[in-house]
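Beneath this line is the structure, given in structure tokens, with notes to follow.
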Amino acid sequence: MNASVLPVSNNTPLCYSNRSPPFKFHPSVTSIYFSAIFMALGLPSNLIAFIVLFKSFQRTCSRSRSFFLIFLGGLVVTDFMGLLVTGTIVVSFYITHFNWRQIDPNCHFCNFMGMSMVFYGLCPLLLSATMAVERFIGINHPFARSTSMPKSRTVSMVLMVWLIAGCIALLPLTGLGSYHIQMPGSWCFFNISSEGKDMAFSLIFSLVGLVCISVSFLLNTVSVVTLIKVCCGQDRTQRRRDHEVEMMVQLILIMIIASVCWCPLLVFIAQTVLSGGPLQIRFLLLWLRFATLNQILDPWVYILFRRAVFKRIYPRLDWSRNSVISLYPSFGETVRRFTRASFKSSLDSDGTEETEKSNVTAKSALKPEPPPPPP
């Protein structure tokens, strides 16, 4: 029997209960070549970024820098696999126009793609928030993080992020939400609906992503302010923090790209399920394609925004802290004006403590020694 005339009954698998393929397929330039172009751009970009990160990891001597590179490596691997897995399925559909009901009668393949979409969608957002937390601790509370912390712990944190994203992706298989085939029949995603458990999972996906972006924005803002105070303050004896500035620039760009690419889709999902209106497939496809840009733009942050690249573009410029500030004296003076009070208070407190210690030492030195015991 043709799949197009199969009735939707109790025996119909869940992923086909809302829409049953084959759909009326009208090929267009955008729908056919979109995924292929994105794969052709994204996969080589992530491979180049991984090579750059691997070479940087081998050359770095900074422990904090090596931790950050491990997180970036996990992000590159996630973006690469996300494009490879989901893009291969979509491109295969447009080439062969296969019938999902025939090749996947029990929804196993559809569930796998739906899980992949959720997993590879949440992982970059969760990793960005984790990197923001790590940089916040490393910049604002450097002594709270043990200097002898092994790199394996950072790898464990990346694996933990993947585990959390995987557990969220598995929720529809436990009954909280459900994966369904989506128009135009080339992909599967969770059912965006305002009814029952589908609404709960839609809100979980949307809120987790929005919370990750909010945490990244908040912690990165605090870290940038702290780093500006340290780099532009009057304390000239502090160590150079060029590598920390480089890490924060990359992290800020990652956050901006993730926010611009993912916020429209996350807000659209939350707005759709809370309003109870019908799902606008046209906007869903638009914002989903917009979110896919994140996996293509991310690797170019690691490739282009490095001190080595800047030095090659402008080799005569000394990229040290003093030379950069000298280019913008008004900016440096403004920052010093805002940070003078905080540095003065910290220096005064340090001076008070040193004075107290010297007084105690002097008193102990002036105190006569007790006479020796009689023989």
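A Cβ is built for glycine as well, from the same backbone N, Cα and C atoms used for every other residue.
Summarising the annotation, TrEMBL assigns domain 'G-protein coupled receptors family 1 profile' to 45-302. Here TrEMBL flags 343-375 as region 'Disordered'. The annotation transmembrane segment is assigned in TrEMBL to 32-54, 66-95, 115-137, 158-181, 201-228, 249-274, 286-305.
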Average model confidence [pLDDT] within the domain 'G-protein coupled receptors family 1 profile' (45-302) = 86
Hey, which bits of the same chain come close to the transmembrane segment (158-181), Cβ under 8 Å, at least six residues off its ends?
-> 14-19, 21, 70-71, 74, 78, 100, 107, 110-111, 113-116, 118-119, 122-123, 126-127, 130, 187-191, 197-198, 200-202, 204-205, 208
